[in-house]
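The structure appears below as structure tokens.
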Amino acid sequence: MAQNKTDLLAVLAVVKKYNLKSTEELLKKEAGLTDIPENVAGEAEVNSVLAAYKSEGDPDIYENSYMELRKFVEESLDIYKHELALILYPVLVHMYIELVYNSHEVQAKKLITKFGPEQEYYYQDELAKLAMVTKRDEMSGNDITDTFKSNAFTIRISRDTLSLLKRHLHEKKASVILNIVNEHMYFDLYEGVARNKAQCDATSGAMTGEAKRQDNKIKVYYGLLKEPDVQTLVAAPPEEDDDMDPDAPDKPKKKKPKKDPLFSKKSKSDPNAPPLDRIPLPKLKDVDKMEKIKALRESTKRINLGPELLPSICMYTLLNANHTVTCADFCEDSSLLSVGFADSSIKVWSMTPMKLREMKSAEQLKEIDRDAEDVLIRMLDDRKAESCRTLLGHSGPVYRTSFAPDRTMLLSCSEDCTIRLWSLHTWTCVVVYKGHQYPVWDVRFSPHGHYFVSCSHDRTARLWSTDSHQPLRIFAGHLSDVDVCIFHPNSNYVATGSSDRTVRLWDVCVGNHHRLLTGHKAPIYSLAFSMCGRYLASGSADNRVLIWDLAHGHLIAALTGHTASIHSICFSRDGTILSTGGLDCALKLWDFTKLVDDISGENVNVSHNPDVRDGEPYLLRTFPTKQSPFLTLHFTRRNLLLGVGMYDLGM
């Protein structure tokens, strides 16, 4: 308090010196200072207060301040050292930006050259980009400077660690660092013991630090929607009432037909599922219900996988396709395969003996009986059936394709900034969706159809419906390209992965993000939800697959072993096996059931993440291809694993 009064008196002296009477009176009134002597403060006190402002313009003080801070971190007790070390990187970046802004290019270059290489490896790319900004004019429009100027860098820190840091900065009167800490950093405080090195590393790595605990507190309805009742469509033989037959009194009574055991079990409602009317979903047609019945019957023939019973794997290798194939995708029942090419074309293959038929001409359609049960089959022309179809329309490389659940339509996105919807009856483009301003990296249909989601270089993801040419929601918040997007199995949420090294879970109902997940050290290229909907797996260019618990927003496991980016992740249909495929030409199978069982016995620590499990005990098998990096992985309804890759002679 005494120090504050001295500072106020020093400020009053400056105001008096420049004869600013109205300001002097106002300051006295607000600060409650009365009966002040003529000589309110000595020259020394005035200089000490002004030193804080002068030092910001003195370029040489930045290097000394940073060295003092680094020395303080290194000499701190081990219990606090690792959390304190988290502030070094954002302080260095803001010091560099301030020096460049004030036209001290030489000192800025010296600072980043001297201290840049000692920062964590995952920040080196950004520091290299930042070092290219050497003049104030170059700062506007630069991704890194814009991000750091407009977003506070978040650090999760214990109260004791923060008290230690603030005490040091006030004692040393490190005004440059104090200003940076106060203006550009956000400390997410928690009570308890400071985190160790492994816990700090687990959630660090994103462009603007860690996720705030507040970001992951909203309830997420991760449960699955109740399956619709399809039993009414199952044909049952008509029951005969034999008691009423006077001509056959001695005839034995017929037994009532047994109910199909497949439909006798009633599906239980999941307590974590969202209400059925939370978002409007399309009503199931009879055709859709018959498809559900077919899928249910097929699931009874499914092989239950496990450590002792691994899936059979069928690998499709695309030859003479190096640098020309960009993506591949299977439909839900594994009967169709689509492949996108860099020359803007799309090819669709039939994976069954049934060829791809085309709709008859308008003249021939007039002759068809519209009331016939098999009207859709009659509309298709067997004479024009082919095993492969080519779709043309995009004007740039195709980056992703996605089949509708009913296999009647296909979505594609491209570098030309558009999304196209193709009819798989007429094999033509029926809608072009325009909204993104830059290349569209990914597009995915909802598991329930009707809705789809896209993501782009413009840093947004967008929710669309097939019947509207305008997006229904724009999910904005990522700080760099949104590289991958995927629907939750209940269609109420969308997950996105970005080059800002974060994963976000968005609520399609309100458009806000309900989970912000940090921990990856490189851009994220693949996402997959577990069959139960509670867990999310993300694959990245840091060669790791991270497993997240969406109930609490915690990172629970890091699966390591790949030696290149992971571009494909898929869960088995029974949820027991997780498969991952990378650009290292390796397919790995992980025991997901064992991982979930091990986690369920742990107590959740609400202050920070639980200890992240290492993936090695859960690795079941690694299958190398010869020279084919993986484009996609897909489990069939019977748990056969399909993979697609292109043969790369240069690997």
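Including glycine, each Cβ sits where the backbone N, Cα and C put it.
What TrEMBL lists as compositional bias 'Acidic residues' is 238-247.
Residues annotated as compositional bias 'Basic and acidic residues' in TrEMBL: 259-269.
Among the features that TrEMBL reports, domain 'TFIID subunit TAF5 NTD2' is placed at 56-185. Residue counts for the domain 'TFIID subunit TAF5 NTD2' (56-185) under DSSP, split into helix (H, G, I), strand (E, B) and coil, are 102 helix, 7 strand, 21 coil.
What TrEMBL lists as region 'Disordered' is 236-281.
If you look up TrEMBL, you'll see 318-359 (among others) marked as repeat 'WD'. Within the model, the repeat 'WD' (318-359) carries an average pLDDT of 90.
Among the features that TrEMBL reports, repeat 'WD' is placed at 391-432 (among others).
Marked as repeat 'WD' by TrEMBL: 433-474 (among others). The repeat 'WD' (433-474): residue composition by secondary structure is 0 helix, 22 strand, 20 coil, according to DSSP.
TrEMBL lists 475-508 (among others) with the feature repeat 'WD'.
Residues or ranges marked as repeat 'WD' by TrEMBL: 517-558 (among others). For the repeat 'WD' (517-558), DSSP puts the residue distribution at 0 helix, 24 strand, 18 coil.
Proximity of distant same-chain residues to the repeat 'WD' (559-591), defined by a Cβ-Cβ separation under 8 Å and at least 6 residues beyond the stretch ends, is recorded for 299, 302, 304-307, 310-311, 313, 522, 525-532, 537-541, 543-547, 614-616, 618-639, 641, 643, 645, 651. Per TrEMBL, the feature repeat 'WD' maps to 559-591 (among others).
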| request: State the non-local partners of the repeat 'WD' (318-359) in its own chain: residues 6+ outside its ends, Cβ under 8 Å from one of its Cβ atoms. | output: 291, 295, 365, 379-382, 384-403, 405, 407, 410, 412, 414, 416, 422, 424-427, 631-632, 634, 636-637, 640, 642, 644-650
| message | At a C-beta cut-off of under 8 Å, are there same-chain residues at least 6 beyond the repeat 'WD' (475-508) that contact it? List them, or none. | response | 122, 143, 147, 151, 205-208, 211, 220-225, 273-274, 278-279, 281, 441-448, 451, 453-457, 459-463, 514-518, 520-529, 531, 533, 536, 538, 540, 548, 550
